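J.: Take a look at the following structure, please.
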Amino acid sequence: MGDPTLSNQRNQSAPATPRLNLPSRMSDSSFHLENVPSRSMHINRLLNSSYNSSPSRTIYSDRFIPSRSGSNFALFDISNSPTSAEGKEDGSGTYHSLLRAALFGPDTPDKKDPLGPPASRNIFRYKTETKRPLHSLSPFGLDESVPGISHSPVKAPRKVPRSPYKVLDAPALQDDFYLNLVDWSSNNVLAVGLGNCVYLWNACSSKVTKLCDLGIDDSVCSVGWAQRGTHLAVGTSNGKVQIWDASRCRRVRTMEGHRLRVGALAWSSSLLSSGSRDKSIIQRDIRAQDDFASKLSSHKSEVCGLKWSYDNRELASGGNDNKLFVWNQHSTQPVLKYCDHTAAVKAIAWSPHLHGLLASGGGTADRCIRFWNTTTNTHLSCMDTGSQVCNLVWSKNVNELVSTHGYSQNQIIVWRYPTMSKLATLTGHTYRVLYLAISPDGQTIVTGAGDETLRFWNVFPSPKSQNTDSEIGATSLGRTTIR
């Protein structure tokens, strides 16, 4: 096979081979490196090298190189090249084979080494990133036991019922754009002017009461409840303003000052403002003996819209001269004038959410809702609704408002402010929706039209929950008459 001389010389010149620390039942002769495959040559060189030949001490490695066979290198854009990774893993496998043969014999089956760490528990193994739902990003995770943490999905947009929950027949309800014949009190009583009479409808009991009859020579042109209490102001076609105590069905006072019909009324505590076809606005203190305290004469045509701000500091007036004026408590001339509308301005509403935010709507030739900041005297935005704007009212529960319309669609629209996106469009009236009032809880509106009907709609959420139904709407269905 080979030259024995050369073999003896090689054995004499080679340094002493370090012996393996084998169990006593095993001998060197029973351990043959020749049984290891050709890939184990690297291990042979390590075992026979002179690096570990020092008999004085045992050399230990100062580095720990983990096995990364289970690592996900692609997650970090690291290429795990076969030449480097597979070579190291093969070498590690050969070492474990040698160790198994030395400890348990060469015939030990090739199975997973119990001494080595399991691949699935490799501390350098990274989990594959997957998309997680939004609620899993919470620092509380998915622990349902944590109080106050809700894992419910995002709520769907609020749905507004498309049909009225109650309809009242209102015979002789006039089809006149410049009148204001419906108002809802803080005590949940609705006042309606029908012809020459005023009727009261209690929203809690559905009881109807006839408050007054003006006679055949006069008619009701406007009604307006005081902010608190049971006093109702009634504007007449003869230019007079009557104050009634609704709780006792008794007239308290009659005030003069206008020459023509009084179509608009607005309360500010004990101060009552009235607007007339004679183009004037009269300020009245009902505690004083005089019929009025001051007269404002800046409009050039009939005054058809009046609204005090929620802080009772500013009065907005709209007229058939297409003008919108803003007055303070003591001014005799408007402090602000807005002339952008191109038709009569009857629809006026102050925002209960932002001081100085005023909305106004124009008639048939205008069709626009405009927003103003009376604090900075700026025009904020304009929305073309496509039809005559008859009324506006702002929700006190959410930042939304309702507009009612006449020619040509006779619709009711619920808007979200400031985006002015439509939440709902309500239809049902066959004539112009000229009258609008809101319930004291801010959830229900009532609309009136020349079709001689009053319709009640649940359009706004309650202050506590934006998904609960109105108590009024839940108990009243059907059609009845108000007189």
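Counting begins at 1 with the first residue displayed.
Each residue, glycine too, has its Cβ placed from N, Cα and C.
TrEMBL: automatically predicted annotations, no manual curation.
In case it's useful when we look at the structure, here is the feature table from TrEMBL:
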type: REGION; residues: 1-30; note: region 'Disordered'
type: COMPBIAS; residues: 1-15; note: compositional bias 'Polar residues'
type: DOMAIN; residues: 168-457; note: domain 'CDC20/Fizzy WD40'
type: REPEAT; residues: 213-254; note: repeat 'WD'
type: REPEAT; residues: 296-337; note: repeat 'WD'
type: REPEAT; residues: 426-459; note: repeat 'WD'
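Describe the structural context of each listed feature in the structure shown, including burial, neighbouring residues and relevant distances.
T.: Averaged across the repeat 'WD' (213-254), pLDDT in this predicted model comes to 96.
Secondary structure of the repeat 'WD' (296-337) per DSSP (helix as H, G, I; strand as E, B; remaining residues coil): 0 helix, 20 strand, 22 coil.
Residues 160-177, 179-188, 190, 192, 203, 388, 390-393, 395-397, 402, 404-407, 409-414, 469-473, 476, 482 of the same chain sit 6 or more residues outside the repeat 'WD' (426-459) yet have a Cβ under 8 Å from a Cβ within it.
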J.: According to DSSP, how is the repeat 'WD' (213-254) divided among helix, strand and coil residues?
T.: 0 helix, 23 strand, 19 coil
J.: Please list, for the repeat 'WD' (426-459), how many residues fall into helix, strand and coil according to DSSP.
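T.: Within the repeat 'WD' (426-459) the tally stands at 0 helix, 19 strand, 15 coil.
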